[in-house]
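Q: Here it is: the structure, laid out below.
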Amino acid sequence: MTSVGIDAMEIWTGKLVLDLPNTFAPVKGEDPEKYTKGLGLHTSSFPDVYEDIVTMGANAAKKLMDRKGLTPADIGRIDVATESAFDNSKPVSTYIAGCLEQVYDGDFRHANKGERKFACIAGTQSLDDAYNWIKAGRNRGRAALVIATDTALYERGDPGEATQGAGAVAMLIDEDPDLVELSTEQGYGSMDETDFLKPNQQFPSVDGKRSMQVYLARMREALEDYESVAGRTHPDLFEYIPFHTPFPGMVRKAALLGFRHMTRDTDIEDDLESEIGRQPREEDFETWDDYEEAIRGYMDELKTTEQYRDWYGRVIEPTLDISSRVGNWYTGSVHIARLSALKAAADEGKDMTGKQLLVGSYGSGAQAEIHAERVQETWLDEIEAVDVDDQLAARTEISFDDYELIHDVHNHEKEIEVEEFTQPEAEFVFTGWGRMNERRYEYVE
């Protein structure tokens, strides 16, 4: 059977950067280590005045199409995942297609276009849609373009303000992929939750503590569901495990939970028994509260063991580098975690061919999804072609006052004019509104 997966990836980061420990923390009167050690964040990307989810998505897509030598005729489907949409009817994918048609011969007249919404998991759901479309044989030999693009902003003064970010990930989904093959097996954990939502509002309403609990619960359920179809997981089976990363500190909690689950009744638990005992079993406790207290105690000890620290450093830590420098990209965050891991492998000279990733996606509301990906022989060429470091180094640093101006510019409730901080070059830019209040864009050489 023909393999289907991610043939190529590209990113586009917001062109401005805010230094969290040195610029944001002092104004907020916070200890810088709250951000660097607690949240695991150092800098956040923000969009310039002329940037938004359309320009970032279109620019990432153009980089991908140019590198792969594609034209609109090669693309049969454009799916955009976002939770930053500005129109309740017209999908962002049509805007992005319109941008791309300005610079390529031909058009996307016969490409299916849509927009996915389920908080941050929508990017992975769009991958699933593209995968199923190709597997069903409905693609007519064409590839799918999946774009995850978001401007993740919180109300000023909100506790989540430090976890903001902006950027886009473009992925080409095709047969015989050059980067990773997606597994047929998937696992889900889904419940009706109100942990993070935006009911007719731009900025989220968040129950932070509840959101973390729901994230972990749904991830556990998704992993159990995945194992029901793919068989038991084990830490040694996966070279990297990219998680949805709203901030790296959240992944520390998810990784510990995952490691405990995967090592239960394994050689690793046997090896750890003399040091921290065996994992608590529910049947050994009279009440659920007693069982949970025992689990918490076990996990507190587990995270101090050499086995866990070594595994975390090898398998999890490399997935967090890009996120620590750009912040939360919502629908794109798990996909930059994948990119971060593979980039680390390339930098280390590691041969990833045939190795597996276990990818954990999450969206508030709430749903988690687990699937595996097998790295392809041509992965290194694809990863080395993505200019992550150059893009991040080229960002323009802003002051706290500048940050507040940019926040106001991208606040849908405010109308202010601010001079751009950077000069656009060879990219799509927002130019204003049309007669029906649609957003207008053009390509600047």
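The backbone N, Cα and C atoms fix where each Cβ goes, and this holds for glycine too.
These figures come from a predicted structure and were not determined experimentally.
From Swiss-Prot, for reference:
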ACT_SITE  Glu83  active site, proton donor/acceptor
ACT_SITE  Cys120  active site, acyl-thioester intermediate
ACT_SITE  His244  active site, proton donor/acceptor
BINDING   Asp31, Cys120, Thr163, Ser211, His244, Lys253, Asn328, Ser364  (3S)-3-hydroxy-3-methylglutaryl-CoA binding site
Q: Three-state secondary structure of Ser364 ((3S)-3-hydroxy-3-methylglutaryl-CoA binding site) from DSSP?
A: coil
Q: Three states by DSSP: which one describes the residue listed as 'active site, acyl-thioester intermediate'?
A: strand
Q: Report the same-chain neighbours of Lys253 ((3S)-3-hydroxy-3-methylglutaryl-CoA binding site): residues 6+ apart in sequence with Cβ closer than 8 Å to its Cβ, ordered by sequence.
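A: When sequence neighbours closer than 6 are ignored, Lys253 ((3S)-3-hydroxy-3-methylglutaryl-CoA binding site) has Met212, Leu216 within Cβ distance under 8 Å.
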Q: Cα of His244 (active site, proton donor/acceptor) to Cα of Asp31 ((3S)-3-hydroxy-3-methylglutaryl-CoA binding site): how many Å, rounded?
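A: Answer for this pair: 26 Å between alpha carbons.
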Q: According to DSSP, does Lys253 ((3S)-3-hydroxy-3-methylglutaryl-CoA binding site) sit in a helix, a strand, or coil?
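A: DSSP call for Lys253 ((3S)-3-hydroxy-3-methylglutaryl-CoA binding site): helix.
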Q: How many Å separate the Cα atoms of Asn328 ((3S)-3-hydroxy-3-methylglutaryl-CoA binding site) and Cys120 (active site, acyl-thioester intermediate)?
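A: Asn328 ((3S)-3-hydroxy-3-methylglutaryl-CoA binding site) to Cys120 (active site, acyl-thioester intermediate), Cα-Cα distance: 10 Å.
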Q: Cβ-Cβ under 8 Å from the residue listed as 'active site, acyl-thioester intermediate', same chain, 6 or more residues apart: which ones?
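A: Those within reach of the residue listed as 'active site, acyl-thioester intermediate', by Cβ under 8 Å and sequence separation of 6 or more, are Glu83, His244, Pro246, Tyr330, Thr331, Ser333, Val334, Ser361, Tyr362, Gly363, Ser364.
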Q: 10 Å Cβ neighbour count around Ser211 ((3S)-3-hydroxy-3-methylglutaryl-CoA binding site)?
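A: So the number of other Cβ atoms within 10 Å of Ser211 ((3S)-3-hydroxy-3-methylglutaryl-CoA binding site) is 21.
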Q: Counting all other Cβ atoms within 10 Å across every protein chain shown, which of the recorded positions Asp31, Glu83 scores highest?
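A: By the 10 Å Cβ neighbour count, Glu83 comes out on top.
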Q: Rank the binding-site residues Thr163, Asn328 by the number of other Cβ atoms within 10 Å of each Cβ, and give the residue at the low end.
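A: Each of the binding-site residues Thr163, Asn328 was scored by Cβ atoms within 10 Å; lowest is Thr163.
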